[in-house]
Ligand SMILES: *Cc1c(COP(=O)(O)O)cnc(C)c1O
């Protein structure tokens, strides 16, 4: 056989081929389907689509719009900057952001009708000052630390925080619309901390109720809890990863078990295909040597694009109809795959990951290959990778 023995000529992009070096296609129809599937699973609880970190790397504004179209009554962000960017893009629905530091843009958030979170007295003090300054009532979600040990108020301080919030309500600067917490081990079904956190959350709600607070929404559930833990749903669930069609952990199940479809497909156009002799070193450090005369293909995506350097020698890629493995080290902008005896040409497509329906690897496969979680695989896709949003209109 050996087509590849033919002298390799430069190939201009064929008709219909994209000129993109690498691109992340974002299927908004899949995202809407995921939101609908999650709403059904939430069984009456409202849904907050978490769109922090540029919608887990998928592009915040188009994803937020699609989530609203599919009935997400709430959006959630980590930072106030993310929430304000959604308002600047025209979003007008309920919107919570929870990751604040002293001196944060409280007043801008309150004026933009963004719900804010407080898990400590300093935050409540800054919120009431900002609300007074602009003559508005801040909508606050009080955060209890029920065992995660990250943000939120410890049980010992909770009665004082609740009392301060009640006093601010009486003054008219604050309305406590939410009481919430976050789970540590919801992705490990049966982990004893889950029941302990549920009990602690019920206790925090009871303390708030006795102090006279009447929150509209009590919320605790992230993706794994939304998918597997009905007793954690309360009035509102806060899925993130599952909105993007990924499963938080193999123990939880596969996306399709829940009617979820991965939203992102990461594709690249091969930048070079060439024959090389046996014993040829490949890439920095020569961590790969061709075992025989072979065909090498160059994938023009590297760690600056979010391809983990830990994928060196392990990352799976679909090229010319088969899974290949990253040969040698992932560089900043590129990596190589060994096609063996198979033929390809420059401009042919490499699919790093996608839904898996066309035989390509998934983000979960990449996570397994590099020893991380699918969250990190999609979130770390670099800023220079264009996000191409498909099916924006229903
Ligand atoms: C990120 C985040 C979520 C969403 O978590 P997933 O596991 O992606 O569903 C929910 N709530 C809070 C507070 C978060 O920070």
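Glycine too: its Cβ is placed from the backbone N, Cα and C atoms.
Any TrEMBL annotation is an automated prediction that lacks curation.
Here the structure is a predicted model, which means the values were calculated and not measured.
Residues annotated as active site, proton acceptor in TrEMBL: 52, 284. The substrate binding site annotation in TrEMBL covers 150, 332. Annotated coiled coil per TrEMBL: 21-48, in sequence order. Annotation comment: TrEMBL describes 263-390 as domain 'Alanine racemase C-terminal'. Feature annotation from TrEMBL assigns N6-(pyridoxal phosphate)lysine to 52. Annotation source TrEMBL lists region 'Disordered' at 1-20.
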Within-chain partners of the coiled coil (21-48) [C-beta distance under 8 Å, separation at least 6 from its ends]: 57-59, 62-63, 66-67, 69-76, 94, 96, 217, 219, 221, 226-227, 230, 233-239, 242-245, 258-269, 271, 300-301, 305, 354-355, 381, 385-392, 394
I'd like to know which of these recorded positions, 52, 150, is least surrounded, judged by other CB atoms within 10 A. 150
DSSP composition of the domain 'Alanine racemase C-terminal' (263-390), residue counts helix/strand/coil, works out to 23 helix, 46 strand, 59 coil
Where residue 52 (active site, proton acceptor) and residue 332 (substrate binding site) are concerned, what is their Cα separation in Å, rounded? 26
Looking only at C-alpha atoms, tell me how far residue 284 (active site, proton acceptor) is from residue 332 (substrate binding site), rounded to the nearest Å. 11
Taking the Cβ of residue 332 (substrate binding site) as the centre, how many other Cβ atoms fall within a 10 Å radius? 12
Enter the number of other CB atoms within 10 angstroms of the CB of residue 284 (active site, proton acceptor). 12
